[in-house]
Amino acid sequence: MSDIAITISLLALVAVIGLWIGHWKIRGVGLGIGGVLFGGIIVAHFTDQYGLKLDAHTLHFVQEFGLILFVYTIGIQVGPGFFSSLRKSGLKLNAFAILIIVLGSIAVVLVHKIADVPLDIALGIYSGAVTNTPALGAGQQILAELGVPQTTVTMGVSYAMAYPFGICGILLAMWLIRLFFNVKVDDEAARFNAESSQDKESLHNISLKVTNQNLDGLTLIQIPGFSDEEVVCSRLKRDDMEIVPKASTEIRTNDILQLVGDDNSLAKMRLIIGYEVDAPTVAYSGEIRSERVVVTNEKVLGKKIRALGIHQKYGVVISRLNRAGIELVPTGNTTLQFGDVLHMVGRSDVLNQAISVIGNAQQKLLQVQMLPVFIGIGLGVLVGSIPFYIPGFPVALKLGLAGGPLVVVLILARIGTIGKLYWFMPPSANLALREIGIVLFLAVVGLKSGGSFFDTLVNGSGLEWMGYGIFITFVPLIIAGTIARLYGKLNYLTICGLLAGSMTDPPALAFANEIKEDNGAAALSYATVYPLVMFLRIMSPQLLAVLLWAA
């Protein structure tokens, strides 16, 4: 067999062994995808003993391409929610997540400066301690740019030393915070549910009876609130007649209007129109029905709702729009993106015609448009290769193969659609590509570092590196968790999701969810901080490398 064939065969063997190890669980906690790294270490130990030669160029390509695939799919996943997570509702949680990252970075500086740990090893320990594999790839990239040799081996070994406690340390921090503050989980869940019902920003339906005499004879568009497009009127009931109103529909006293909007906007409409009634909020008449429709027609992508003329042509109202899990009040200026879910209301005989304009082709949601994938990867690699200079730094900075694709795809996923191209990927396809990418990357890291792993653990500084990893994992989590509880007054279940999200650690999220299975506090806070944290986890080792190299 050729060296390339042997190399690829061993990579497959590493993946099989590693994924098998990752499925081992102790009390519900396992290594997960990190098992591939240890699979690589085991295989590398025996390849060294038997003198098998691996092709270095193949390993290098597979490692870099795996990292690019992983980072790209992460960006596609979190891109639509990345910028919205920075809004006011998530500022406090993201601030605490940033605090954890900053404290972890300070811990790395202390380990490097006080304990005199080499920079490449310190960054490897950091990546393992925070269980973030893209951080490992980003650190290796920047150190290679700085001219540090053999970073794959040293960083891979130190990463492997710190990784196991990186997973366990998060769970231990959750348990200690619960113990220290004497938390009663049921009380925390009840408090979260009560606060959620008060603060929830999702859209609601109400029906208002027109009692304001000043509105009699006005068209819908002339009434404040409708003209500002703060709310949508999905139905109008007059006596026994029920219609989907247009902007030009005249309003009469005693008409009943069904409105859709957020709580604040609906409260304003109560003051303008009249009092709330129960009558038509649930049942639709035989002539009027509603449908949830997914935007899949490439001809409408990037167009404004007003330009489609759906309301004017068919008398159909788009009352809600769900984009990446976020509910919006659609206006005439709202631009449609692939995968948007619209709530459409109209007469049965014309609603299907309006739906055909939007698309609603479910099979398209299962297809992957490959052209945008390679455009995103290509642009990302180019952006990652562009040097930018900062005064006082010894070398030009680059985003690298980890940061470049991430930044580019975050922007593209946020834009969503350019012409007929759309940056949308079905969750199953995204997960498959992401898993393939990270398995390839970790398999190579394990193979490259496995030869020296056991020697470092038994005869070298392996146990010392584990200690530094525990310090980097544990101290930031405990400090931030305590401050969040003591001064931030955060719910304990929310803190658990925050801690898991700050480490981008799905096993920790699973553990947090099991604390109170019927409560969504942990998952919500995890999702809120995840996009920003993933970005900062990839950028932080690069900044640390340059700052400590220049110091």
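Including glycine, each Cβ sits where the backbone N, Cα and C put it.
Copied over from Swiss-Prot, here are the features:
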type: DOMAIN; residues: 191-275; note: domain 'RCK C-terminal 1'
type: DOMAIN; residues: 277-360; note: domain 'RCK C-terminal 2'
type: TRANSMEM; residues: 4-24; note: transmembrane segment
type: TRANSMEM; residues: 28-48; note: transmembrane segment
type: TRANSMEM; residues: 65-85; note: transmembrane segment
type: TRANSMEM; residues: 95-115; note: transmembrane segment
type: TRANSMEM; residues: 157-177; note: transmembrane segment
type: TRANSMEM; residues: 370-390; note: transmembrane segment
type: TRANSMEM; residues: 402-424; note: transmembrane segment
type: TRANSMEM; residues: 438-458; note: transmembrane segment
type: TRANSMEM; residues: 463-483; note: transmembrane segment
type: TRANSMEM; residues: 492-512; note: transmembrane segment
type: TRANSMEM; residues: 529-549; note: transmembrane segment
By Cβ distance under 8 Å, which residues at least 6 away from the ends of the transmembrane segment (463-483) in the same chain are close to it? 96, 99-101, 103-104, 107-108, 111, 115, 117, 121-122, 125-126, 128-130, 158, 161-163, 165-166, 169-170, 172-174, 176-177, 180, 456-457, 495, 498-499, 502-503
Go through the chain and flag residues at least 6 beyond the ends of the transmembrane segment (28-48) whose CB is under 8 A from any CB in it; none is fine as an answer. 10, 13-22, 54, 131, 133, 156, 159-160, 163-164, 167-168, 171, 435, 438-439, 442-451, 453-454, 506-507, 510-511, 514
Run the contact check on the transmembrane segment (95-115) against the transmembrane segment (492-512): 3 or more C-beta pairs under 8 Å, excluding pairs closer than 6 in sequence. yes
By Cβ distance under 8 Å, which residues at least 6 away from the ends of the transmembrane segment (4-24) in the same chain are close to it? 30-40, 42-43, 47, 52-55, 58-59, 62, 439-440, 442-444, 446-447
Contact call for the transmembrane segment (529-549) and the transmembrane segment (402-424): at least 3 Cβ pairs under 8 Å, seq gap 6+: yes
What are the DSSP helix, strand and coil residue counts for the domain 'RCK C-terminal 2' (277-360)? 23 helix, 29 strand, 32 coil
What average pLDDT is reported by the model for the domain 'RCK C-terminal 1' (191-275)? 81
Tally of residues which DSSP labels helix, strand or coil - the domain 'RCK C-terminal 1' (191-275): 26 helix, 24 strand, 35 coil
